[in-house]
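Novice: Positions annotated as DNA-binding region by TrEMBL: 11-71. Residues or ranges marked as compositional bias 'Acidic residues' by TrEMBL: 300-310. Residues or ranges marked as domain 'Homeobox' by TrEMBL: 9-70. As annotated by TrEMBL, domain 'TLC' applies to 73-274. According to TrEMBL, the feature region 'Disordered' maps to 291-332. The transmembrane segment annotation in TrEMBL covers 82-102, 152-171, 206-226, 246-266.
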Amino acid sequence: YVATPLAGLLNVKEKIRLKAAPNPVLEKFYAATTKHPKQADVEMLSKQSGCSVRQVERWFRRRRNQDRPSLLKKFREASWRFTFYLIAFIAGMAVIVDKPWFYDLREVWKGYPIQSMLPSQYWYYMIELSFYWSLLFSIASDVKRKDFKEQIIHHVATIILISFSWFANYIRAGTLIMALHDSSDYLLESAKMFNYAGWRNTCNNIFIVFAAVFIITRLVILPFWIMHCTVFYPLDLYPAFFGYYFFNFMMVVLQCLHIFWAYLIIRMAQKFITGKARGASDPARRCCRGVVEDERSDREETDNSEEEEEAAKNGPLSNGHPVLNNNHRKTE
């Protein structure tokens with residue numbers, strides 16, 4: 001109701017995809033065996049289906065493209081996440097900005113374990129926990145990327161951290177950590193939205209800001225301020241117990257994922273600086289089209305031979321490009 005009309009206003013254009021012709025033999029192999037057949041499989045399928053090797057390869061390319069999410073679906077997903085992350089970041093700052101532990105991290109443990117919880121902290125926790133549960137449940141239907149396994153680990157680790165910090169009454173530390181994470185995520189999602197709309201300069205500028213915020217918050221503030229607070233300060237007040245070790249272990253897991261994603265950001269930044277960047281079909285949390293190639297996205301495959309076939313069917317050229325039937329444009 002919101003993202004689709006917004007996509008229209010921003011002129012988000014869908015790519016026209018050529019569909020794979022119905023073929024029971026190839027469809028069965030695609031669904032039951034693999035989406036990326038080896039050369040020996042292609043030759044075998046060519047004999048079984050009565051198609052040439054080239055036709056089988058083209059069929060699998062088109063069939064894989066059919067399963068990839070549309071540009072509108074990606075835009076809607078980015079819009080939804082942008083909305084949540086922005087509201088969550090504003091709400092998180094409103095919850096902690098007037099608290100003494102926001103300015104003095106030693107206040108995080110003052111009076112622990114007997115610490116009161118405000119209604120604002122309760123609702124902040126419930127909304128964040130609900131959101132990450134929704135991500136875990138919907139990850140199978142969302143836009144899939146190369147770091148699919150890392151995303152699952154991240155969601156599970158985040159849910160465990162939020163839940164455990166709730167049970168162990170690590171509420172003050174938990175609110176700081178959640179707000180810190182939300183500080184960069186909404187920038188990334190907005191960059192993706194402008195990328196899908198073709199606003200390249202805007203996307204590029206937001207990406208630069210996002211990269212700076214991500215590295216500062218996840219690789220500087222989180223390990224050297226927040227984790228220092230959770231590892232060293234509690235030992236001055238009470239002896240270490242299981243919850244202390246478990247909580248900090250999960251924080252280390254989360255930090256390893258941050259380092260992995262920061263590595264991808266730095267790789268793309270390097271391509272941007274050296275001028276080796278290429279366009280990408282989906283920034284997928286880490287890049288913008290025309291600036292950097294997405295290290296995580298599963299890009300749509302092209303089929304150059306399609307133009308030759310269509311040109312043979314339709315004859316003359318128009319402005320140097322074949323006039324394709326069925327109103328298909330030149331494959332990008």
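Including glycine, each Cβ sits where the backbone N, Cα and C put it.
Are these features on the surface or tucked inside, and what touches them?
Specialist: Over the DNA-binding region (11-71) the predicted model carries a mean pLDDT of 85.
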Novice: Any residues 6+ beyond the ends of the transmembrane segment (246-266) with a Cβ under 8 Å from its own?
Specialist: 147, 150, 153-154, 157-158, 160-161, 164-165, 168, 170, 177, 211, 214-215, 218-219, 222-223, 227, 230-231, 285-286, 295-296
Novice: Counting each residue once, how many in the domain 'Homeobox' (9-70) are helix, strand and coil under DSSP?
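Specialist: Across the domain 'Homeobox' (9-70), DSSP assigns the residues as follows: 36 helix, 0 strand, 26 coil.
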